[in-house]
Amino acid sequence: MSSTSTVPQTELPVPPELESDAERVRREGIETHEARNLIVLACHQIVLRVGWIFKTESVIMPAFLDIIAGAGWIRGILPTLNRMGQSLPPLIFADRMRHARVKSRVLMATSISMAIPFLLLSGIWNSLEVKQQPWLPPLFLVLYLIFFSLTGLNQLAFGTVQGKLIQVQHRGRLMGVAGIIGSVAAVTAAWFLLKPWLGLANGEGFTYVFAFNGIAFLIAGLIASTCREPADAYVEVPKRRLRDHVIRAWQVYRGDRTFRQAAHVAMLFITIMFLFPHFQWLGREKLGSSLQDLIYWVVAQNISVGIYSPLLGMVADRRGNRLAVRIAVFATALTPLAAILLASPLVEDGRRWYWLTFVLLGLVPVTMKTLLNYTLELAEETHHPRYLSTMTFCFAIPPLLFSAAFGRLIDLMPYHYPFLMVAGLIALGGLLTFRMAEPRHMSAEASTMVRD
């Protein structure tokens with residue numbers, strides 16, 4: 001059973017004189033190939049970003065679901081499935097990830113596996129003459145859950161590989177390079193491919209959209225296979241039940257005050273997910289936007305990711321991830337307010353300017369990555385999978401409990417109230433960042449963590 005002991009918690013380097021020969025050889029091997037691996041991981045993220053823009057959670061997927069279903073409560077299920085998939089599978093797989101000898105192989109396998117649901121969906125959609133089928137929404141939701149389960153494992157693998165192969169002061173650079181190049185590549189692909197595909201009648205273009213998703217994820221997996229990673233020693237993976245994994249996550253939360261403070265911020269920030277499927281609904285229903293407008297929203301969101309990534313990455317590398325998180329969370333709180341304002345009579349021709357909402361939404365993936373990078377600094381390398389999986393579980397709790405209810409609220413009351421509520425919750429998360437510690441300023445002796 002786990003016990004609590006006072007040990008170094010933050011990512012402090014082991015003095016060379018205390019390293020064993022095996023540890024020294026391993027460290028030197030990692031340092032030798034760090035520049036190459038940074039490029040490989042950046043390329044992996046760039047290609048993943050290009051594929052991701054064709055399934056944007058705030059635009060493309062809700063729009064497709066509106067075509068085959070339509071009700072707000074069904075849209076409200078999407079964030080629940082999203083976070084469920086990205087929380088429970090990583091929590092269960094964390095031990096296996098920790099003990100995997102070559103962790104980049106897991107990154108490769110999960111990236112390739114992410115292609116399968118979209119290739120299936122592309123084939124099914126192409127084969128249907130009548131698109132509105134009663135069995136299609138449930139099938140779509142199942143494939144959606146499978147995809148995000150694989151995505152959760154992929155993010156766990158990427159964070160673990162990054163924690164092993166990239167030094168802490170270079171992770172912001174990796175996020176920035178991947179963000180800006182990935183956004184330029186993604187926006188270019190979206191403009192020349194997504195725009196004409198979304199313009200096809202009766203949603204026929206989704207056949208090509210989903211096929212493109214799958215191909216991009218396949219390529220990203222092949223890129224990940226080129227990482228240079230020294231194998232870790234073999235360790236037998238302990239067998240645990242789901243209940244055991246939840247208990248271990250609870251022990252991290254309860255036993256590490258620094259993690260707990262960050263988790264509170266993460267859970268308030270992630271309430272933005274409640275509104276993800278409804279931003280495009282608001283633009284289409286209240287402003288009369290069309291499917292063609294979606295491309296401008298997607299482009300705006302992804303260009304903003306490319307701008308925010310290097311800026312927040314630079315702040316994180318120079319001043320620490322805590323400050324980067326604080327800036328991003330406060331800025332994200334403006335997103336629901338911007339949507340309300342632009343959809344109101346106060347703004348003339350709000351449809352023309354509604355894309356500004358998606359500029360702010362671009363903060364969401366960058367903030368999540370920054371929070372995960374912050375989490376990496378709270379634990380020794382061997383505990384990275386456990387800490388990352390626990391943080392992703394914290395990300396999941398609010399959407400799992402309340403997303404469907406928010407979807408129902410959108411149907412039952414004026415949309416202003418749910419949007420204002422989310423803005424307030426995120427702003428509270430920004431205030432709580434002032435209680436977060438900066439790991440780079442912490443002494444090892446002052447920290448505690450939950451040990452196996």
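The backbone N, Cα and C atoms fix where each Cβ goes, glycine too.
In TrEMBL, annotation is done automatically, which means it is predicted and not curated.
Feature annotations, courtesy of TrEMBL:
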type     : residues : note
REGION   : 1-22     : region 'Disordered'
TRANSMEM : 106-128  : transmembrane segment
TRANSMEM : 134-153  : transmembrane segment
TRANSMEM : 174-194  : transmembrane segment
TRANSMEM : 206-224  : transmembrane segment
TRANSMEM : 262-282  : transmembrane segment
TRANSMEM : 294-316  : transmembrane segment
TRANSMEM : 323-347  : transmembrane segment
TRANSMEM : 353-376  : transmembrane segment
TRANSMEM : 388-409  : transmembrane segment
TRANSMEM : 415-434  : transmembrane segment
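Using a Cβ-Cβ cut-off under 8 Å and counting only residues 6 or more beyond its ends in the same chain, the transmembrane segment (323-347) has close neighbours at 172, 262, 265, 268-269, 272, 275, 279, 282-283, 286-287, 308, 312-313, 315-316, 353-354, 356-357, 360-361, 363-364, 366-367, 370-371, 374, 415-416, 419-420, 422-424, 426-427, 429-430, 433-434, 436, 438. The transmembrane segment (353-376) is not in contact with the transmembrane segment (206-224), judged by fewer than 3 CB-CB distances under 8 Å for residue pairs 6 or more apart in sequence.
Note on the transmembrane segment (206-224): residues 40-41, 43-44, 47-48, 50-52, 54-55, 60, 64, 67, 104, 107-116, 118-119, 121-122, 125-126, 189, 193-194, 197-198 of its chain, located 6 or more positions outside it, place their CB under 8 angstroms from a CB of the stretch. Remote same-chain partners of the transmembrane segment (415-434), defined as residues 6 or more beyond its termini with a Cβ less than 8 Å from a stretch Cβ, comprise 261, 264-269, 271-272, 274-275, 278, 282, 286, 322, 325-326, 329-330, 332-337, 339-340, 406, 409. Outside the transmembrane segment (174-194) by six or more residues, the chain places 38, 41-42, 45-50, 52-54, 162, 166, 208-209, 212, 295, 298-299, 302-314, 316, 366, 369-370, 373 with a CB less than 8 A from a CB of the stretch.
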